[in-house]
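Student: Taken from TrEMBL, the feature region 'Disordered' applies to 1-82. Taken from TrEMBL, the feature compositional bias 'Pro residues' covers 62-79. Among the features that TrEMBL reports, transmembrane segment is placed at 112-133, 139-157, 169-191, 211-231, 243-261, 286-309, 359-378, 384-402.
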Amino acid sequence: NAPSQDLGRSTRLVQVVPSQPASPGRCGEGLIMGNDSSKEKPSAEAALSESGATEKEEEAPKPPQPQEEDPVPAPPLLPVPLRRQSTASGAQPSILLALRQLERDADKLRNAGLSAFTFTLGIANLLLSAFLFGAMGHSFWLVYGVQGLLIIGYRVAKSLERSRTSGVNVMWYFADFCWMCNFLFVASSSILSLEVIAGADGATFSAKYPMFGLLAAVLAVGPLGWSVVVLNNALVLHDINNYSATFIHLWPPWTMLAIRWNRQAVFETYPGHFDGFAILDGVSTWSLFLIGVRFYVVWWAGFTLWMVVWGRFQSPEKTGRDTVYLDLLRSTPAMRSLCGIRKDHVIDDAAKVAPVLKYMTFHAVSIVASFAFGAFCLTFPPEVVHAPFCVFILGVAVFNGGKRYEYYLTQKEIKALKKLIKEEFPEQKQKEKGL
């Protein structure tokens, strides 16, 4: 009977161990009561009983556990396709696609003129202009004349090159009113410079056209100055397109301020060459307004006729020519809404007569309103309205330039990569809504 008792005792010990751990005393009791042979080599019946108990324990039903709610997964930082593998359609690895997009954007910036040299040149021009404005304000019109020849001349040359290489003629941009005014200013500055160098006295340009000085002043402080605000001109130092567009609108008001602020020194240094400014104090606000409006009407009538007959049909896609009119409609939603242009049908809608007339009417109302401000500004001493206005538009141009560089550094590449994702991985369009 002893072996059977030992077997039964060992079996009960095995049944107790899986379900509840034995205390140290209980475990010691089992070791004493068991014989040595069972410890060294368990019998076949004990092994069978142990395996049976284990199977029963495994088969025993477990109490139902409360199911935990799945936590809401955090949205991924990047879409699924952005990984180092090819898509099912055989697209290239995503990292290479992103790299090529960055390289394309870098090439665009370089083609626009971005380099250490152009940036340094832009900064140097600003510093030199500020220094000469303060050091020799009575001769700042010479500074504008030289800079105009260089900056506007370079812009025209780049536009010619672009027209040849791209196949799109952009030279019609220079038919715009602001460009025509600056061509006139640069030409008159060149004539005045030659007269000063030659020592001409009597039959000067100013003596022949005494009202030209008044016209230049009201044009500079009126339409050109306000164009900085309306067109969001930006002092982007490396881009000749942006820089020249800002130059033709920002420099003329400052040049007129320099002449008005140092008027006596101008008359003494260049006698007989600025007679138009000598009569500025005796001209009424209404007369100044009419001088500007009459000049504008001549341009407006010719340009509107050209637009209705020929200009409205021009587009890079159809004729290989571009205009300021079409460029504004494409880039400015407010202008499209004003002219009744549909976003997806800009070229077709822009070729109609009604949008052209709406555009030219808006242009006329804006310019005439700016003439009213310019005439009002010129009837006061320069430090009252003219100087604060120049500081204001300079601040606008600098701020817009800062926003442009902020866009280049923090947003441009992100937008480009988002667009790339949508183009290369259309199957992930729904997953990318959070981007």
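Every residue gets a Cβ built from N, Cα and C, even glycine.
A TrEMBL annotation is a machine prediction, not a hand-curated record.
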Student: Under 8 Å, at least three CB pairs between the transmembrane segment (243-261) and the transmembrane segment (139-157) (pairs 6 or more apart)?
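Tutor: Contact confirmed: at least 3 Cβ pairs fall under 8 Å.
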Student: Ranking 112-133, 139-157, 286-309 by Cβ pairs under 8 Å to the transmembrane segment (169-191), which is first?
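Tutor: By the under-8 Å Cβ criterion, the transmembrane segment (169-191) pairs most with 139-157.
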Student: Any chance the transmembrane segment (359-378) and the transmembrane segment (139-157) are in contact, meaning at least three CB pairs closer than 8 A with a sequence separation of 6+?
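Tutor: They do not touch: fewer than three Cβ pairs between the two stretches lie under 8 Å.
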Student: Ranking 112-133, 139-157, 286-309, 384-402 by the number of C-beta pairs under 8 Å to the transmembrane segment (211-231), which range is first?
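Tutor: When the Cβ pairs under 8 Å are tallied, 286-309 comes out ahead.
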Student: Sequence-remote contacts (6 or more beyond its ends) of the transmembrane segment (286-309), Cβ cut-off under 8 Å?
Tutor: 175, 177, 180, 211, 214-215, 217-219, 222-223, 325, 353, 356-357, 360, 363-364, 367-368, 371-372, 374-375, 378-379
Student: Should anything in the same chain at least six residues away from the transmembrane segment (112-133) have a Cβ under 8 Å from its Cβ atoms, list it; otherwise answer none.
Tutor: 139-140, 143, 147, 235, 237-241, 243, 251, 254, 258
